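Features reported for this protein in TrEMBL:
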REPEAT    249-282  repeat 'WD'
Amino acid sequence: MRTQSQSNSPMFPLGTSELFGDTISGIDGYKMQNGFLVATASWDKTCKAFFVTSPTNIQGASQVTATTPITCLTKMQNNLFAYGTAGGAVEVWSVEKNQKQQVSQHQSCVTSIKFIAPLGALITSSLDGTIMLTELNSGKSTKMPVAGPVVAMDQFEELTTYSTPGRIEVFNIQAGKPMTETLVGGSQSKINVSVQSMKMFPDKAGLVYGGNDGRANVINFTNRSNQYTYAFKAQHKRISKDVCNYFPVNSISFFNKDVFLTAGSDGTINIWDRVKKSLVNSLGSPVQGASITTADLICDGAFLAYSVGYDWVKGVEGTLPPQQQLPVLKVVDEPLIKS
C-alpha cells in the first residue's frame, strides 16, 4: 500500500527550468564548510555548478560546455567532477578554475562513470562494449572488452557491476578478474528486459537493478532464496482494475543498507525497505506529467537530488507539449526514510 510522505523537510529547485535546454542526466555534489557545491549534467552539452547555503540562497558557480551531450556525472575530490559524453569523451572539470580536460576516449556513448578514490582512477562504461579504467596520475587507460554494449554500471570500493544485454556481471576491479559465480545470466538465468539502472548494497552483500518493465530486482550475492532475492513492481500506474501501465526504473540509490529508492518515468520516487519488502514513502514529480530522469543521494546523504524532464518514454519529444527540465533538492530527514 502506498503511503503519503510525512517528511516536512525543505524541497527546492536548483536554478530555474530556463537554465536547462535538454534532459538532465546527472546530479552530484560535495558537502563543504560553508554549504554545498552541487553540479548537474545535461543533454544540452553543459555541466553547471551551484553553491547552496540554504534553500533560498543558491548561486551559480561555474559552467562548462562539451562538444556532445553529457550523459553521466560523478564527483571526484577537491571540487573536481568528471563526466562522460554521447561522443565517448571522458573529461575532468575543475569548478574552481572553470576548466575541463579530456582524460580518455570511448568509441561510443559513455553510459556510466565512477571515481575510485584509492586508485586515483575513473571507471567508465560505454555502448562500445568496453569498461575502461583511467589512472589520472599516469594518464594510462586500460580497456576491458565485455560481451556487448554496457547499458548500466555501478562501482563501490573494490567491486564493479555492469549490465550487457541478457546478463549482469560483478567483478573485483583490484583482482582484475570476474567473480567466480555469475550473479545473473549465463547458464543460471536470463534477463529478459533492458536494464536501466543498478546499485550495489552499501554493505556489498548484493545489488538492485531496475528494468524498462518497471520492476526492481533485488539480488543477494550469498543467499538466493526468495526471502533475499526477489523482484517487485516498482514504477507503475494503475489505470483501471484491469489495466496497469509500467514505466522504466531510471535510477536506484541507497539511503542505508536496507532502505533504497527507485525513480522512474512514471514521475515518482518510491522509497523501499528491502528487508521488510515494503514501501516506506513516495514522492511525486513537482512538474505534472514529467518523468524523473535521475535521482541520487548526494553531499554525504544530506540531499535527495533528482531531476524532472523528458526521457523519450512517450516517443519523439517534438510531438509533445514543451517539457520543463528542472533539478530539485530535498533535505533528507528521518520521516522520509523511516520504515
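Yeah, the Cβs are placed from backbone N, Cα and C, and that goes for glycine too.
The structure displayed is predicted, hence computed values, not measured ones.
For the repeat 'WD' (249-282), same-chain residues at least 6 beyond its ends with a Cβ under 8 Å from one of its own Cβ atoms are 1-7, 196-199, 201-203, 205, 208-212, 214-216, 218, 230, 232, 234-237, 288-297, 301, 304, 306, 308, 311, 313, 332, 336-339. In terms of DSSP secondary structure, the repeat 'WD' (249-282) contains 0 helix, 23 strand, 11 coil. For the repeat 'WD' (249-282), the predicted model reports an average pLDDT of 93.
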